[in-house]
Amino acid sequence: MHRGPLRAGEWVRLVDGKGRKHNFCLEAGKRFFSNRGHLDHDELIGREEGFTVTSSAGGEYLVFRPLLSEFVVSMPRGAAVVYPKDAAQIVAMADIFPGAHVVEAGVGSGALTCSLLRAVGPHGRVSSYERREEFADVARRNVSQFFGAAEGEAHPAWQLTIGDLAEALPASGERCDRIILDMLAPWDCLDAAADALRPGGILCAYVATTTQMSRFVETVRVHGGFTEPSAWESLVRDWHVEGLAVRPGHKMIGHTAFLVTARRMAPGERAPRKSRRPAPGAYGPDYTGPRADEADPRTDEAAED
Ligand SMILES: C[S@@+](CC[C@H](N)C(=O)[O-])C[C@H]1O[C@@H](n2cnc3c(N)ncnc32)[C@H](O)[C@@H]1O
């Protein structure tokens, strides 16, 4: 897949002069219609990608196979997808390596699944958990479409389980190297994730709001079996580069989600406590979330002394 002459059954992406994109599956004998007339699929099948075709009414189209980053933002979605910029961060910062066994939940539309499958390679394994059957169906179709699996066949390195990760992961007895949580309440899955992760393994959560990020980080601290969590977001800005007009693009995706990672300690081991005192008021009277040093007699007031 993804190289050599274009074949029937593969997806192609046509881009016109105005940047409008059309994705479709090549079928012998079929026609693609646009506001600039039509094109026969047979004109594309058998050619090496990276060429221009002209439709019956004179429209010019650039023809390539869609990249993974293009595919995931144009594929059918059941739930919101992990954006390519964040999938890249997850693969790099959660250190997804060839041969790794990665657990992810929920699978949603399968966007992150595609990046994980690519990163673990043929000797790795991705175990995805999704509690909604209808989303799992969308993910199955998207993953099969991207990797070109035959009808009814799944990617050989992929296993999809329907169920809530908090119950289904312990029931499976799986042990893994990395766990990626993309869901509303990742803290509910923390115990299951901690039990399944090998020592040194990485837990990574993708959360959309600051309140989710705070609750997840504090719950990880309370658990005690992980290193101090890191939390961040990534912002990507395009640039307009033309002669002397070199400036940032006017539009950008301002927010997608935050990422949190922490490493699993060995059984019975605890990471050294943060030596820094919390910022004044961090855990003041308005804070009602989980608190790792609840049992610590040092109060906020004492910390400020
Ligand atoms: C935002 S979507 C995931 C998108 C996916 N990562 C992607 O890139 O396409 C969140 C999904 O998590 C599922 N979910 C939420 N809590 C879950 C749990 N505890 N166990 C399994 N799936 C869960 C939801 O049903 C939903 O499909």
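Keep in mind that glycine also has a Cβ here, set from the backbone N, Cα and C atoms.
Per TrEMBL, S-adenosyl-L-methionine binding site is recorded for SER109, GLY110, ALA111, LEU112, GLU130, ASP164, ASP182. All chains included, 24 other C-beta atoms sit within 10 angstroms of the C-beta of ASP182 (S-adenosyl-L-methionine binding site).
TrEMBL lists 291-305 with the feature compositional bias 'Basic and acidic residues'.
TrEMBL lists 264-305 with the feature region 'Disordered'.
Figure note: comparing Cβ neighbours within 10 Å for the binding-site residues GLU130, ASP164, the maximum is reached by GLU130.
The local packing around ALA111 (S-adenosyl-L-methionine binding site), expressed as other Cβ atoms within 10 Å of its Cβ over all shown chains, amounts to 29.
Here S-adenosyl-L-methionine is bound by SER109, GLY110, ALA111, LEU112, GLU130, ASP164, ASP182 per the record. The longest Cα to Cα distance in that group is 19 Å. LEU112 (S-adenosyl-L-methionine binding site) falls within a helix when secondary structure is assigned with DSSP.
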